[in-house]
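The following block contains the structure, expressed as structure tokens.
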Amino acid sequence: MAEEDDKRLKKRKKKRLIGADRRRRLLRLKCCVQNYDWGVLGCNSQVARMFLLNSGSYSADPDECYAEFWIGTHKSGPSFVFFGRDYNAAAIGSKPLSLKDWITVDPGAVLGDKVARKWGGDLPFLFKVLSVEKALSIQAHPDKELARALHEAQPSIYKDDNHKPEMALALTGFEALCGFISSKELKGVLSSVPEIVELVQGADAEKFSHDSEQNGKEKVKSLFESIFGQIMSSNKAMVREAICKLKRRLSLEKKKRQLSTKEQLVLRLEAQYPADVGILAAFFLNYVKLKPGEALYLGPNEPHAYISGECIECMATSDNVVRAGLTSKKRDVQALLSMLNYKQGFPEILQGVSLNEYTRKYAPPFDEFEVDRCILPVAASVSFPSVPGPSLFLLMSGKGTIVTGYSEESTFQEGEVLFVPAYMEVSVTAAATELHMYRAGVNNRFFRDL
Ligand SMILES: [Zn+2]
């Protein structure tokens, strides 16, 4: 009997191994586009370019805004699997096979056991390209605890129960508002922007301006919180009037002096979102300008707004956003005010760490993801060693060949997205043009810490 059991067990193990091997293969993905109204119009958008190349479509709609190209398993924009170059070959009947379906059959084989155990059998990160023409909303993303509560209370707005740390890696010059300015800078705002002071209780503005050296850190933080809260909660008519005055004053002063970069930004925001309280909020946030190849990351509960430019973005698999300004979407000012961490000071800018002469790694302090940026000259080769988790590769421009540790070889063209399962080494060789490629994977620190 024991012998019988043993045989059956061996048979089952063998079957599992064959199944696992079939799962350990390179997949091509067909990915989804999001046409939010802040995106770049028509074929000028990098997102449109990626989407058209990826889907094999011929032209972009010139009247459509192409904002985000999504790669991953999130239900609001899932990616689908190709086998070889045949998209339909992966379909089950008439239903295309999603990357999520593919993973779900055997998460351990596809994601690696550690990743499958930690993230419940799902891909832990979502990879995107963003083309930003007009500012995105002033927003923050909840931590896990708040995400669960928001999702339970309003599932139609907060679509999942996950947190959403994120990182933006600039493809072009990229502008953003991110995190709160220092107390010293806020003093400057209170002395130079009377329209802000008029909306704040005189005592608070006075205390902050005169006593902040004597006040303890906690007191300064709570005054900052109170002043920002009063601006964001001011009634619409008062906000409209303050912005009207601000615009008039800056238009006059522009003739006499060079406006500060923040003042110039505020006027741009006013043209995009007239009378929106987010214009005033911009005075409280750091104005960050990234060069191509620089990255910015955002933890839970940090206020931010992307303003313009194109970037690669990576985040935990979530779409939870609490908005409070610069938007026509639903705002939840009170939720935003109570969730913010009120950390002050300029954010850290990542330059990437060199892995080899062609590749730099950007690793934010989150377990879910890291991004590699690889620029490969004509005919050069680079290899990405096997890692214990899954990777997504996006070819932004150029053409090349890709070879896996299992000796699969295929061409790799711009707009193509590849899913590489755990424990698979890949080598890429550029053809006759320079190749620009991005890889997203689980943060290396997650494997180190285990
Ligand atoms: Zn965000």
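Placement of Cβ uses the backbone N, Cα and C atoms for every residue, glycine included.
Per TrEMBL, the feature active site maps to Arg323. Annotation comment: TrEMBL describes Gln139, His141, Glu166, His304 as Zn(2+) binding site. If you look up TrEMBL, you'll see 26-180 marked as domain 'Phosphomannose isomerase type I catalytic'. Positions annotated as domain 'Phosphomannose isomerase type I helical insertion' by TrEMBL: 204-285.
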Relative to the Cβ of Glu166 (Zn(2+) binding site), which residues of the same chain, six or more apart in sequence, are found under 8 Å away?
His141, Tyr297, Leu298, Glu313, Cys314, Met315, Ala316
Hey, does DSSP put Glu166 (Zn(2+) binding site) in a helix, a strand, or just coil?
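Once the DSSP labels are grouped into three classes, Glu166 (Zn(2+) binding site) ends up as strand.
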Calculate the distance in Å between the alpha carbons (Cα) of Arg323 (active site) and Gln139 (Zn(2+) binding site), and round it to a whole number.
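Roughly 4 Å, rounded to the nearest whole number.
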Restricting to the chain of His304 (Zn(2+) binding site) and a gap of 6 or more, list residues whose Cβ falls under 8 Å of its Cβ, or answer none.
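Counting only residues 6 or more apart in sequence, the Cβ neighbours of His304 (Zn(2+) binding site) under 8 Å are Ile138, Gln139, Ala140, Ala176, Leu177, Cys178, Gly179, Leu285, Leu298.
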Can you check how the pLDDT averages out over the domain 'Phosphomannose isomerase type I helical insertion' (204-285)?
90
Can you give me the residues near the recorded Zn(2+) site, meaning same chain, not Gln139, His141, Glu166, His304 themselves, Cβ no more than 8 Å from the center of the site's Cβ atoms?
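Those within range, site residues removed, are Ala140, Lys164, Leu298, Glu302, Pro303, Val321.
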Determine the minimum-neighbour residue: among His141, Arg323, listed as recorded positions, which Cβ has the fewest other Cβ atoms within 10 angstroms?
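If we count Cβ atoms within 10 Å for the recorded positions His141, Arg323, the smallest count is at Arg323.
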Using a 10 Å radius around its CB, how many other CB atoms surround Gln139 (Zn(2+) binding site)?
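Other Cβ atoms within 10 Å of Gln139 (Zn(2+) binding site): 24.
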Which state, by DSSP, holds Arg323 (active site): helix, strand or coil?
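For Arg323 (active site) - judged by DSSP and reduced to three states - the answer is strand.
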